[in-house]
Amino acid sequence: MDEIDEMFSNLLGEMDLLTQSLEIETLPPPTRSASTTEINFSVGFKDLNESLNALEDNDLDALMAELVADITDAEQNVATYNNKSTAPFPPADASNSYHFHPPPMPSIITEDLSLLPPPPEFDPHYPPPPPDPLTEPKTQEELESKAKANKINLALSKMKEAKVKKRIVKVHMIDSSTKTLMVEEHQTVRDVLDNLFEKTHCDCSIEWCLFEVTPELQIERFFEDHENIVEILANWTRDSVNTIHFLEKNEKYAVFKKPQNFYMATKGSADLKDMNEKNKVSLLEQSFCGASVTVPELEAALYLKEDGKKSWKKRYFLLRASGIYYVPKGKTKTSRDLACFVQFDNVNVYYGTQYRMKYKAPTDHCFVLKHPQIQKESQYIKYLCCEDPWLLHQWVTGIRIAKYGKILYDNYKTAVQRGGLASHWSTLGSSSVSTAAGSSQGNGQICQNVTTISSSFSDAWKHGEANKQEKKSSEVNKPETKSATPTVTKRPPPTPRRASSISRVTDHPAFPPKPKAINTDIMSGPPQFPPPEPLQPADDFLPPPPPDFFDAPPDFLPPSPPSFMSNAENPPPPPVTQLQMSNAPAPPPPPPPPAPAANVPPLPVKKHPPKPPKRQSIVGPMPGTNAHGGAGGQPDFMSDLMKALQKKREPPT
């Protein structure tokens, strides 16, 4: 029996080897591999159990004869099947089948393939894909069931919302007013602070906090930003008189502003106040962002209140990450001798107020450790007293760091980020509101002096307008000077011409100092004449050349040239000036040298801008005055005066 089994296993192994070689040569599709092995295994046998039973009765020779007969039949069937199925198969497969068909051994395995149905990949007709459930039209029952499911989901969501715990919180402001808020159970203290920032329009500083006050125990503390305010309020009793205040406390995040005061104060560092921002950040990262949070090393002698008594005992306490430890009497400060005073898992730290009066404490700088659910005096409350306020601040901050760890640092970074965004948006939103500094509003906060965009824009606009006005004024003054110079330059030419004409008429280059008195008389004589147009440019003090100003007095003299004397009865002053002006360009003789030499020295003395234009303005009316004087019946007086002046000017013989 063992020999038969061994021969049968050898036969099956040979058939497997033939199957593998056929797969390598013909490269059939991968989907046929499993089925071919199964058929190869069952070739010549309808039932494996029956064949095994038959092996016991039949001898090996008969079995081999049957196997050879089956192999020949299979070879014939494969040959006929390949002849029939060459057309639908690809030419490559057909050529391979023709090429590998003649050998007898591969035909044994191809018989197995002939028993399989055609592979699905060669079937040109595939079944249609299943319809899309989204695009498939739904029946009325399906629509009704879907609507019912939606209603059930909506009802469940509303039930969940109804189960959310909500509390009405009354927050006390600085000016004794209150704000009422609706707080849900998922809201943290940070969310409530952001809500209060929007309502009160404060400066969104990180020092703002919610401050819990428990009057019955005379304790108080500020809530941490990550705490759930609904859970905190759930610990209060129904008849509790505890209050929540919206205050600004610098102690909340002082450790992150000056970490050297808490982590390096006990090391005797001398440059605590001179630490730069980079070193501060590195110290904070090292203390809070490592594998474990570094708790400040605090060791001090504190006063402990005895249970049920108003007496205090001095003990030496040490702060560790797991809690507060103290040194028992007669023991050292080694770790094995330390006794655990309290752990921070289920306690909060509070500030004590007026404990010197209530419990006869050595100082008023006390802090309390108690469970949050304890709202009345109990033996489980721990009272500790410090000698100075700075030591109290160090211990309370160290306990907070040991209890909350890195969460405290995350709260600080979140407060800084939100505070910056809130202040930015509040500044943009308050551009339309401007109130006086220090005035109290109805929201319970003191108005802050916030520089709005509108005010800064108006200031910038005013500054720009002022600069524009200065530029315009400078530009306007420049063209005026340019326009004034030609008007003044136009005025000097007549004066030298008149002086030259007078000199030619009188044959004298200069006059004695008497013309000054004559000038005053003439100026006071005709007040009815309007001033000429070039008065305004004369106010700018752009005088003509010096000789022109001091040659003008001879024009004001009453005596006129001989042509004037001959035409005294018909005085046409404008034509005379026109003739002078018209004749002036043709003969432009320079003034005689003595006249400018004599007139140059008084320049600094007679630098009065109004007088030169007035003298020039009277040049035109002067002949008119003479004409009017002659018409008044006084021509003889004028002629006598002219003769007297000529006699005085004649050199003595």
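Even glycines carry a Cβ here, placed using N, Cα and C.
According to Swiss-Prot, the compositional bias 'Pro residues' annotation covers 116-134, 585-604. Per Swiss-Prot, compositional bias 'Basic and acidic residues' is recorded for 462-481. Look at Swiss-Prot and you will find 605-614 tagged as compositional bias 'Basic residues'. For 165-253, the entry in Swiss-Prot reads domain 'Ras-associating', with the evidence type sequence analysis. Look at Swiss-Prot and you will find 295-404 tagged as domain 'PH'. Taken from Swiss-Prot, the feature region 'Disordered' applies to 82-141, 462-653.
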Counts of helix, strand and coil residues, the domain 'PH' (295-404), according to DSSP: 20 helix, 38 strand, 52 coil
Summary of DSSP states over the domain 'Ras-associating' (165-253), given as helix, strand and coil counts: 18 helix, 33 strand, 38 coil
Overall pLDDT of the domain 'PH' (295-404), taken as the mean: 91
